[in-house]
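Undergrad: According to Swiss-Prot:
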type: COMPBIAS; residues: 462-472; note: compositional bias 'Low complexity'
type: MOD_RES; residues: Ser235; note: phosphoserine
type: MOD_RES; residues: Thr284; note: phosphothreonine
type: MOD_RES; residues: Ser452; note: phosphoserine
type: MOD_RES; residues: Ser456; note: phosphoserine
type: MOD_RES; residues: Ser475; note: phosphoserine
type: MOD_RES; residues: Ser486; note: phosphoserine
type: REGION; residues: 1-117; note: region 'Peripentonal hexon-tethering domain'
type: REGION; residues: 148-261; note: region 'Binding to hexon-linking protein'
type: REGION; residues: 449-472; note: region 'Disordered'
type: REGION; residues: 522-543; note: region 'Disordered'
Amino acid sequence: MRKRRTLTAPSHFNSMSAALNPMKMAAMQSQPTVDDSWAASISRIMSLTAGDRHKFSSQPFANRLDAILEAVVPSRKDPTHEKVLTIVNALIENGAIRRDEGAGVYDALLHRVSKYNSINTQSNLERLAGDVREAVAQQVRIAAGNLGSLTALNSFLARLPANVERGQDNYTGFLSALKLLVSEVPNTEVYQSGPHYFLQSSRNGTQTVNLTNAFENLKPLWGVKAPTMERLSISALLTPNTRLLLLLVSPFTDSVSISRDSYLGYLLTLYREALGRNHLDERTLEEVTEVSKAMGNENINNLQATLNFLLTNRQKKIPKDYSLTPEEERIVRFIQQAVSLRMMQENLSPTEALDVTAANMEPSFYANNRDFINKLMDYFHRAAAIAPDYFLGAVMNPRWLPPEGFFTGVFDFPERDNYIWDGPDSSLDLTRQDAMRFLEEKFIDDDQRTESRSVSRVPTPASSRRSSVAMASDSLIRPMNNDKNSLREIEVLADKLARWKTYKRESEEARESLPVVVRPKKYSSAISSDESDDGMSKPDKFLKFEGSGNPFAHLRPKLGRCL
């Protein structure tokens, strides 16, 4: 009895101590994870078939294999859940949580530990980092063909100056676009041959550019801003090699890195828009060429007559009537008002005002009308760079509507014209006086001018005629208040015009009034003398001065010309 008492007392004592100690309670709750001795491990392994061998052997092989592996090599001991269980037991003993809430707290603590401080998380991160390194290495191996090109390009760029005199932004933006071209396009290579570097592209046929000569040609053109009329003279400075480089790099540029106000930015934008148009209507030329080749004519020069006939007799299409929707017109008025206020109140340049207006737009408003706003802002940017006066008039005019070129993409901005009324000293009165003076001088010849200077102020037919012309002109220029008087003045002017005689008629009447003079014929002697050996002794059939009247009468001005 004593022995039994001694056996039961410790067990009761141990259970009481475990209930008071959370760590012992957690150890008892997680008993399968404690360390086993070698004898316990052997007995556990052999106990798989101790009961009934046929029962164990009849199980699937996968289940038997898992049981054997687990019995021989148990899973790694992880005390995390034991520690969490200890914490939960301590919270229950202290009254922080109820006993029925322990399972939820235990699950939440395990989930948080596995999320933020778990070996599995670290291993997953290591696997993810390994996958990333493998993907990067694979990408580098795929692009191994461009590594040599990038190395050659970097060595070429190392020889270029870091800064230029002007246009530093355009210079760095163009270099970035060139790097993007070499790294992204698979059929593009850069190599060195002697002191020169070459760029070779095989996208649409093999095209080779001498980078050294191209950058030497572009050296004085970085940041050059050329107006519309001076672009032709600057265009002559670019070589075909440089133009090809600009054409290849243009798809990788934008108006942010390279300013569109500069000449190179204008060319790159032009090339980029030209390459962006995929639809080219060349069916007529292809059909005519195919028919000609089928007929045995390989020379395309013989097709000029056919092509000229097709171009001459093509049907003309009625121009489309472009107009804005009410919503688009409201957008135009909003942008006009915003840009004009920025320019007048904040004293910003046109380009800065457009940029600030675009930056302050509401995102939802811009997202709903993105295409039209981009098109309108691009049109205003072009107008501000090419025709500032036209841009100012378009922004300040509350009734302005975009022209046809805005819809078709053919931008043709009008140039400034110097009108007569632009001068500060000109007026309509001065213009009228100049016209009257010119009208009087038109009907006066040189003889009448000299006579008018020498003779006193006696009225002459010419002066009376001038006065009549002036009166008639004044009557026409003055505003006509009475219709009857205007008709009478027109009749008087017509009667005077009918009585006027032309210079030809006056010369004919004067010639008819003169008596006819018969001049004796001149006889030339057969014997030539030295005194008369001047080349004019014989009549010349090419120099005939016979006849009466003034031989230069046909050079005098005619008075019969109309106003």
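Using the three backbone atoms N, Cα and C, a Cβ is placed for every residue, glycine included.
Remember, predicted model here, so these are calculated numbers, not experimental data.
A description of the local structural setting of each listed feature is requested, covering burial, neighbours and distances.
TA: Using a 10 Å radius centred on the Cβ of Ser486 (phosphoserine) and all shown protein chains, the other Cβ atoms total 15. The secondary structure of Ser486 (phosphoserine), as reduced to three states from DSSP, is helical.
Averaged across the region 'Binding to hexon-linking protein' (148-261), the predicted model reaches a pLDDT of 84.
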